[in-house]
Amino acid sequence: MADFEELRNMVSSFRVSELQVLLGFAGRNKSGRKHDLLMRALHLLKSGCSPAVQIKIRELYRRRYPRTLEGLCDLSTIKSSVFSLDGSSSPVEPDLPVAGIHSLPSTSITPHSPSSPVGSVLLQDTKPTFEMQQPSPPIPPVHPDVQLKNLPFYDVLDVLIKPTSLVQSSIQRFQEKFFIFALTPQQVREICISRDFLPGGRRDYTVQVQLRLCLAETSCPQEDNYPNSLCIKVNGKLFPLPGYAPPPKNGIEQKRPGRPLNITSLVRLSSAVPNQISISWASEIGKNYSMSVYLVRQLTSAMLLQRLKMKGIRNPDHSRALIKEKLTADPDSEIATTSLRVSLMCPLGKMRLTIPCRAVTCTHLQCFDAALYLQMNEKKPTWICPVCDKKAAYESLILDGLFMEILNDCSDVDEIKFQEDGSWCPMRPKKEAMKVTSQPCTKVESSSVFSKPCSVTVASDASKKKIDVIDLTIESSSDEEEDPPAKRKCIFMSETQSSPTKGVLMYQPSSVRVPSVTSVDPAAIPPSLTDYSVPFHHTPVSSMSSDLPGLDFLSLIPVDPQYCPPMFLDSLTSPLTASSTSVTTTSPHESSTHVSSSSSRSETGVITSSGRNIPDIISLD
């Protein structure tokens with residue numbers, strides 16, 4: 001009864017392919033859906049199957065869930081006992097199909113004749129079996145001595161599954177193999193402590209469970225390499241693989257870039273429950289692969305840079321010896337190199353070097369920045385030298401001491417030149433080398449910059465002999481002014497600058513308004529308004545133009561005896577006859593001059609105003 005339950009559980013765990021093989025071996029219909037196939041297999045088991053069918057069930061189950069090396073040890077024992085031509089009629093051993101007939105699906109064994117002698121069956125099938133097994137390649141070892149290349153950004157903490165060969169278990173194209181591993185409580189604790197929650201509910205781990213695949217070659221350390229049609233399941237969940245790389249040429253099959261696989265998110269973080277990995281792939285002739293699982297700790301570029309600095313800086317004499325070797329004249333060559341020009345700019349970031357670095361395997365002197373190189377490989381690990389496009393692994397990187405000295409000595413140079421003796425000199429740009437000499441220009445400190453677009457500066461007669469240059473760019477760019485801005489001087493108009501037309505207002509708008517005070521000769525004032533031949537017409541106040549700003553409204557009122565009574569004239573001429581001097585009213589924005597004479601009542605004031613100091617507003621108050 002226990003055997004029946006065990007066989008029933010084995011059949012229930014079969015896939016469609018195993019069910020079809022079992023039903024075909026028993027001579028039953030093997031077409032249909034999985035549910036139908038499973039019901040037929042269980043019915044076959046309940047109806048009392050033969051021992052050969054039971055052996056076939058155990059064989060299929062052992063293929064699907066391989067256990068240990070005990071099966072292979074039993075395999076060699078069974079082979080030696082089965083193929084011995086002793087002619088004994090002993091019954092078939094339970095593991096016989098595993099050894100002999102698993103590669104021959106169509107055998108001459110009759111399932112319903114368990115009492116038939118096995119010797120005759122073996123004698124009939126011995127020859128063709130050996131003919132088919134002769135060209136088959138030898139079985140690779142289960143744990144080959146495969147070494148994987150070290151990954152600089154990962155420290156290996158423990159080995160969960162040693163490198164194990166992906167052995168072909170049948171002649172079918174697509175193969176599948178299962179692996180089981182368990183975590184210890186300490187390993188589970190380290191993984192949980194390193195967990196970090198990211199936005200979107202995602203989780204990231206610094207301590208990771210890493211799966212690696214490579215070719216089963218023992219000649220040299222192997223890089224990560226995936227077989228064709230790879231499919232990985234961890235605890236029954238499909239693991240997403242990296243995308244395909246673009247093919248280098250047309251017609252070449254696309255392959256995934258080889259890199260380690262972080263399966264931590266699908267692993268059961270428990271020491272009580274084991275984890276199962278299912279790997280299916282397409283077999284290739286002449287290529288065998290192996291897999292391994294590690295517990296690793298992920299590092300950052302800053303950590304690797306610190307480790308690189310701890311290795312120390314290479315002696316500058318090594319670089320000088322390399323320079324002398326490159327510049328040594330070759331007697332067989334007609335062309336000799338006398339100097340080497342090297343840039344101090346990083347070819348990766350196009351910036352000045354901070355930590356000059358290069359690989360020991362490189363033959364050039366040009367360095368690249370170590371921090372940028374590590375950051376680039378942290379995102380996409382290629383480890384290719386940006387100068388010569390050759391392999392530059394992390395283990396071969398060095399910090400150049402000579403370039404360290406050069407960067408510390410000159411901070412404003414981007415290129416240097418090495419001489420034959422190993423010395424160097426900076427290479428400055430031609431624009432800096434050619435300095436244009438010119439006469440110094442004197443700067444007028446008393447000048448100031450105003451908010452107006454134009455400024456007027458009036459110099460004295462002594463300063464007119466010199467040619468002063470005002471640098472408005474320097475004045476405007478300076479944030480702090482040492483001296484306060486000088487005040488503008490008032491310009492007074494002389495007698496010759498006054499208007500030659502008597503009694504006519506001259507108005508010319510100007511952007512600079514300078515108050516002026518003019519002295520008017522009393523002889524220039526007309527005795528009365530009757531001296532003018534032009535008849536005077538009274539102009540109403542509403543019709544006066546607004547273009548006459550800054551004028552005293554009383555000076556515009558006509559003083560004529562025929563229009564105004566004597567009492568009104570007396571009130572108007574009383575302030576004018578008080579004195580014959582000029583009264584000047586100035587303000588920051590307007591200036592006007594009122595001149596009066598005390599000759600008679602009919603006399604009036606003549607307004608003389610410069611065109612530059614007339615305001616724009618007439619006050620009626």
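The backbone N, Cα and C atoms fix where each Cβ goes, and this holds for glycine too.
What Swiss-Prot records as phosphoserine, among S136, S499, is residue S499. Between the listed ranges 484-492, 520-528, 529-537, Swiss-Prot ties the annotation motif 'Nuclear localization signal' to 484-492. Across the domain 'SAP' (11-45), the model assigns an average pLDDT of 86. H364 (Zn(2+) binding site) falls outside any helix or strand according to DSSP and counts as coil. The highest number of surrounding Cβ atoms within 10 Å, among the recorded positions K46, K249, H364, is found at H364. For C362 (Zn(2+) binding site), the count of additional Cβ atoms within 10 Å of its Cβ stands at 19 [all protein chains shown].
C385 (Zn(2+) binding site) is 68 Å away from K46 (SUMO2 cross-link) when you measure Cα to Cα.
On the backbone, the CA of C362 (Zn(2+) binding site) and the CA of K249 (SUMO2 cross-link) stand 29 Å apart.
In this structure, the C-alpha atom of K249 (SUMO2 cross-link) lies 31 angstrom from that of H364 (Zn(2+) binding site).
In this view, C388 (Zn(2+) binding site) is surrounded by 15 other Cβ atoms within 10 Å of its Cβ, with every protein chain counted.
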